[in-house]
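Participant: I'd like to ask some things about the structure below.
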Amino acid sequence: MAEPPSPVHCVAAAAPTATVSEKEPFGKLQLSSRDPPGSLSAKKVRTEEKKAPRRVNGEGGSGGNSRQLQPPAAPSPQSYGSPASWSFAPLSAAPSPSSSRSSFSFSAGTAVPSSASASLSQPVPRKLLVPPTLLHAQPHHLLLPAAAAAASANAKSRRPKEKREKERRRHGLGGAREAGGASREENGEVKPLPRDKIKDKIKERDKEKEREKKKHKVMNEIKKENGEVKILLKSGKEKPKTNIEDLQIKKVKKKKKKKHKENEKRKRPKMYSKSIQTICSGLLTDVEDQAAKGILNDNIKDYVGKNLDTKNYDSKIPENSEFPFVSLKEPRVQNNLKRLDTLEFKQLIHIEHQPNGGASVIHAYSNELSHLSPMEMERFAEEFVGLVFSENENSAAFYVMGIVHGAATYLPDFLDYFSFNFPNSPVKMEILGKKDIETTTMSNFHAQVKRTYSHGTYRAGPMRQISLVGAVDEEVGDYFPEFLDMLEESPFLKCTLPWGTLSSLKLQSRKDSDDGPIMWVRPGEQMIPVADMPKSPFKRKRTTNEIKNLQYLPRTSEPREMLFEDRTRAHADHIGQGFERQTTAAVGVLKAVHCGEWPDQPRITKDVICFHAEDFLEVVQRMQLDLHEPPLSQCVQWVDDAKLNQLRREGIRYARIQLYDNDIYFIPRNVVHQFKTVSAVCSLAWHIRLKLYHSEEDTSQNTATHETGTSSDSTSSVLGPHTDNMICAVSKASLDSVFSDKLHSKYELQQIKHEPIASVRIKEEPVNVNIPEKTTALNNMDGKNVKAKLDHVQFAEFKIDMDSKFENSNKDLKEELCPGNLSLVDTRQHSSAHSNQDKKDDDILC
């Protein structure tokens, strides 16, 4: 409630020319007689952020009626709590001692003193009184000089204090005083501040602090996951930045909520994302990287060839060497490049390291090799092929592919050659737009190709593969010895054919090859109009109703053209079946289809993606390869740029390669590759079982003589005649850590080798055979007494010394080797599991 008008106001106005007699204590307001307290309080309330709900003193028109004399009334208690003292310094008209000491004080709860009531009888001039509401708006010329000076001095003393209080409230410096009940004086009146608003401000500050803490925690967690550590400052200057950070936090949270569709299907976590980010960021030192890898040794295993000195290949990493990039997956090209220093023809070998994929490819160019003599060309071929197929200590090739550009120029056009020399040879060709296959002759297929050929592609179905070493069962093809002789004229192909000098097979005839060569023709990927497609399944008749409603039919209701995809999805070349299936190397020759057009430059025929051999298992897992399927159906998805980038982020290395006309290419084992035919091409390809891949199985052996007989099994002609009587011996083995992976891959049966039988025994008596020590990669066994009869095989006794690490594999092997009767499932695969460099030393009793 507002207090009643007090006669003190009239006392303050009674002395118009008074001077200030005393100074109030620090913090008190000095008022002139011309300035009623009601007007001052009204002015104060407007300037102070409107804290008080209502004014305590001088409300309404009390300032204007201050000159009216009213008897003092008992004041009501203040609405804001405890009473506070009022103090005035009235101005006197003359410097008399009574007027100089006329300052008085009284509390809000006491009556007016008698001395004050006596002074109330003095008349008040009307011209000196100004309405309180217009006092602050009066011009200075209307006031007396003394009053104007006093008002200006009073205003000057009041403004700095208001500014200080506003600054305290703004910066929060006066919060503690306000919360503790400290009051501010106004017009000589004690006016406490509202507590509920102070509490609200304190709560808002606490909430802001908690929000900042939460933001810091969230940002720190996000940056720790991203490998960044950044401390945010809490100063007031960075408040506008917090809005941007809030948006970033929301974006990151939204990205986390979104899951990749492929990850939702597989529900497999990323295995390499965090480790690759950490190491690729350069946070690990070179020493830590070596310890983490555990792969990089001082010596690098080199290819063992006839003309290569392996002693010169022991390249060690210098201790003070600095590598600009350290990664768990990246190969250090410096080590591989040092291997070229000891090569005879290193200036003719070009190594391409692809920065996007991280894998390396070896190139050689026939125009640079033209000055070599035939003997030098043979040495270069062995050196180049040995470098392409060389492997590290993990049996993974250093390079994903080796290419000799233009090396097949001496060969004739394959399609022209076979259509002219073997016109009636049957072939199988596909029909464009259909999955049907029709059988035709080589000359008829060549005629279709020639009729539809234009600028690098033809519009006829592709020709399926035919065998060049004889057809078996449902295969198509024949034996073409003259063409095979032309292939052997190349030093690169002579050593890498299935029966070549680097092969572990010793074939009596080229017809016995189960690894090719094969030949096929592809038209190239293209868009084909529907009208040009024979018997197109997309073509349909329009009914009468459709003809009437043509205006409503969209133009895309019928396909105008169709994409013919000429692609071979990702696969790895394998030999063998079942548990004996294992990866092997591949060789290919490309001859573009020209049909009389001979361009000056070789045409691009294939786009190839090859993955590094060391990432074989990861590629199989990521791309869901079924390695027991044929090459065309091992993978169900096509690897495009987006998939390549995803795999690269997970540390998988690859190379993107373009193959040209007349190129010969070599692909090491465990290299997953996919091909896309970009122009019409005739291809040759075959598998090669290198001695390098089976060199650890070659040991010197003593043979036991057996009786020979004839065999009706045509598939075993590689090994020679077989009979029903066999004597099988299990060799004594020493453990080799290099082939421990074969134990886990169930390749135990590959170590049982089958050889031709020397003689046939007529007696049915058991024969005791003493077998010396031999080295394989399975386990330690002593074959002491082996009993054999004409129709079955019996093992008398075994003494097995097992290592605890290979106990399970030995048990499985014993069950497979000792069933009482030994059945040979695939003799061709067994023969391929070893090399026969010295036939006498390699004979095994089977």
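The backbone N, Cα and C atoms fix where each Cβ goes, and this holds for glycine too.
Under the heading N-acetylalanine, Swiss-Prot lists ALA2, citing a large-scale study or a structure entry as support. Residues annotated as phosphoserine in Swiss-Prot, with a large-scale study or a structure entry given as evidence: SER6, SER32, SER315. Summarising the annotation, Swiss-Prot assigns region 'Disordered' to 15-124, 145-222, 242-272, 697-719, 827-846. Per Swiss-Prot, N6-acetyllysine is recorded for LYS28, and the stated evidence type is a large-scale study or a structure entry. The compositional bias 'Low complexity' annotation in Swiss-Prot covers 66-108, 145-155. The compositional bias 'Polar residues' annotation in Swiss-Prot covers 112-122, 700-718. Swiss-Prot lists 156-172, 250-271 with the feature compositional bias 'Basic residues'. The compositional bias 'Basic and acidic residues' feature in Swiss-Prot is assigned to 183-211, 836-846. Among the features that Swiss-Prot reports, SUMO2 cross-link is placed at LYS223, LYS548, LYS753, LYS763, LYS814, with the record citing a large-scale study or a structure entry. Sequence annotations record features per position, and here Swiss-Prot assigns 2-oxoglutarate binding site to THR568, TYR665 based on similarity to another entry. What Swiss-Prot records for HIS571, ASP573, HIS673 is Fe cation binding site.
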Participant: For ASP573 (Fe cation binding site) and TYR665 (2-oxoglutarate binding site), what Cα-Cα distance in Å is obtained after rounding to a whole number?
Facilitator: 14
Participant: Within 10 Å of the Cβ of THR568 (2-oxoglutarate binding site), how many other Cβ atoms are there?
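Facilitator: The answer is 18.
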Participant: Below 8 Å Cβ to Cβ and six or more residues apart, same chain only. Which residues does that give for HIS673 (Fe cation binding site)?
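Facilitator: Non-local contacts for HIS673 (Fe cation binding site): VAL400, MET401, ALA570, HIS571, ALA572, VAL608, ILE609, CYS610, PHE611, ILE667.
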Participant: Which residues, in sequence order, are found in the same chain with Cβ within 8 Å of the centroid defined by the Cβ atoms of HIS571, ASP573, HIS673 at the Fe cation site, excluding those residues themselves?
Facilitator: ALA570, ALA572, ALA586, PRO631, GLN634, ILE667, VAL671, VAL672, GLN674
Participant: Need the DSSP three-state call for TYR665 (2-oxoglutarate binding site) to compare against my parser.
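Facilitator: SS state of TYR665 (2-oxoglutarate binding site) = strand.
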Participant: So if I measure Cβ to Cβ from TYR665 (2-oxoglutarate binding site) and keep only same-chain residues at least 6 apart in sequence, which ones fall under 8 Å?
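Facilitator: Those within reach of TYR665 (2-oxoglutarate binding site), by Cβ under 8 Å and sequence separation of 6 or more, are MET401, GLY402, ILE403, VAL404, VAL587, GLY588, LEU590, LEU659.
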Participant: Applying a 10 Å Cβ distance cut-off over all chains shown, what neighbour count does ASP573 (Fe cation binding site) have?
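Facilitator: So the number of other Cβ atoms within 10 Å of ASP573 (Fe cation binding site) is 22.
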Participant: Taking DSSP as the reference, which of helix, strand or coil describes HIS571 (Fe cation binding site)?
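Facilitator: SS state of HIS571 (Fe cation binding site) = strand.
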Participant: When you measure from the Cβ of HIS571 (Fe cation binding site), how many other Cβ atoms are you left with inside 10 Å?
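Facilitator: Around the Cβ of HIS571 (Fe cation binding site), 20 other Cβ atoms lie within 10 Å.
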